[in-house]
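Q: Below is a structure I'd like to ask you about.
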Amino acid sequence: MASKEPEHEHREDEEAPAAEDEDTGAQVAPIVKLEEVAVSTGEENEDAILDLKSKLYRFDKDGNQWKERGAGSVKLLKHKETGKVRLVMRQSKTLKICANHLVLPTMTVQEHAGNDKSCLWHAADFADGELKDELFCIRFASVENCKTFMETFQEVAESQKPKEENKDASAAAESLEKLSVEEKKAEDKAGEAVATKEEKETEAVTEKKDGETASST
């Protein structure tokens, strides 16, 4: 009579759960080693004068309409060595540059008609890798932020004038002030002279009348 024990044992082997993987403690080195890379923004040698959240538009001359450039943070950055100031704006999500140009002494910024949260200015912009004459419009979340931007922008533009030009302007102002003082002094002297002359003429007339009265008596 054949024994069924081997078959029974084989069946138990099949039903036995597989043994769990044993932790050998071995460490596997990564196939590719990633090194930390320093990312340059190009703003390392600049100090931020202004940093405000906003939305930027450019005027499309061909389509005769405003087109959005992006929403993000607009900055006025002053170079630590040259003292030059540039306006830079990046999109908040992609960090793509929306605007990148120097603030020049000839530039002016003005409020957008009908919207006191927006303002306009012209610039030779380099955001697309080449200089383009652009008309920008920027919109802020509040009137206060718009005013802050306009005031700071204009102050920066004034500060970028050559020092000699500023000196000449100061000298001209001083000269005008001196001329005004001298003219005032001359007018005062002329007034005094006229008053003295009138007094003398009055005295002479009085003396003449007194003499005529005495002679008639």
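Even glycines carry a Cβ here, placed using N, Cα and C.
Curation plays no part in TrEMBL annotations; they are all automatic predictions.
Note that the structure is a prediction, hence the values are computed from the model and not measured.
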Q: Quick one: sort out which of 1-28, 57-84 is the region 'Disordered' according to TrEMBL.
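A: Based on what TrEMBL states, region 'Disordered' spans 1-28.
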Q: When the domain 'RanBD1' (27-162) is classified with DSSP, how many of its residues are helical, how many are strand and how many are coil?
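A: Going through the domain 'RanBD1' (27-162) residue by residue, I get 17 helix, 65 strand, 54 coil.
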